[in-house]
Amino acid sequence: MARYGMAQKYVPKAAEVCEKSLKEFISAIGNIDKLVVLTGAGISTESGIPDYRSKDVGLYARIAHKPIYHQDYMRSNRCRQRYWSRNFLAWPRFGQAAPNINHYSLAKWEASDRFHWLITQNVDGLHHKAGSNMVTELHGNALHVHCTTCDYTESRHDYQEKLDKANPGFKDTYVAPGEIAPDGDIILPLGTEKGFKIPECPCCGGLMKTAVTFFGDNVKMDKVNFCYEKVDQADGLLALGTSLAVLSGFRFIHHAHLQKKPIFIVNIGPTRADHMATLKLDYKISDVLSEL
């Protein structure tokens, strides 16, 4: 598991746990026969990976982070150089991130008939690392790389070796800063990417890209419809560590709300669906999951 000091660095200040509220929350979830869980970046903060929007400690609160958009990536080689040079330097830390108690707790829930499915907005692959199988990675998985033209896929670990070979000395010239984004991105001085070489697809020579949905792109509808089906089959939803600011995750909460299904939220800070929640706790996720 992640080291305690680093694990707590990106966890925002939470409300003090009220035993009465916690027991009420646990009791209410205990009445759900089929539960769908939706997770966001907040579940991985205890693994040393920051979220985007938390007050004071979220990425957007600390640095002027601008994610790379899908359209820019596809049309601009300079943009791809910027992406891969940053991702290359961040990979040793991001790729070695370990699941925390929250990921392991949810993986154990799969043994229960009452656990129906897990939908995650995260791309860090930590749910799979913890042993979860009943999970849909809504935005993909940054631990894999694929060709944008053909169906070739390889591990991000193997592609790192290719990047290193194509750019000898780069990792020794530039030291990755301490800040890392939930998608494995970092901030480097403008121009650092100049001359960075990006290995092509070995099968067709196409553009290689991490297997994640970039900003400005759409989640595939077959994946979205599959998640809608899981929500339809469920009796309630539990959202963990997400502000639900992005539509791709919020739509499932809204869908459940229209069906008048109970919605439970654990998130430090406000969410887009607070008014839809049956119960909400502003507690650290591990303080709740350890009791469920």
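From the backbone N, Cα and C atoms, a Cβ is placed for every residue, glycine too.
Whatever TrEMBL says is automated annotation, not expert-curated.
Keep in mind that what you see is a predicted model, and the values were worked out from it rather than measured.
Noted in TrEMBL for the protein shown:
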- 15-292: domain 'Deacetylase sirtuin-type' (DOMAIN)
- 40-60, 121-124, 241-243, 267-269, Ile285: NAD(+) binding site (BINDING)
- His139: active site, proton acceptor (ACT_SITE)
- Cys147, Cys150, Cys201, Cys204: Zn(2+) binding site (BINDING)
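Recorded features from TrEMBL, shown on the structure.
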residue	record	Cβ contacts under 8 Å, 6 or more apart
His139	active site, proton acceptor	Gln121, Asn122, Val123, Val212, Thr213, Val219, Ser248
Cys147	Zn(2+) binding site	Thr153, Cys201, Cys203, Cys204, Gly206, Leu207, Met208, Lys209
Cys150	Zn(2+) binding site	Cys201, Cys203, Cys204, Gly206
Asn267	NAD(+) binding site	Gly40, Gly42, Ala239, Leu240, Gly241, Thr242, Ser243, Lys280, Asp282
8 Å Cβ shell about Cys147, Cys150, Cys201, Cys204 centroid, Zn(2+) site members excluded: Thr148, Thr149, Asp151, Tyr152, Glu200, Pro202, Cys203, Gly205, Gly206, Met208
Least surrounded among the binding-site residues, given as Cys201, Cys204, when other CB atoms within 10 Å are counted: Cys204
Among Gly40, Gly48, the one of these binding-site residues whose Cβ has the fewest neighbouring Cβ atoms within 10 Å: Gly48
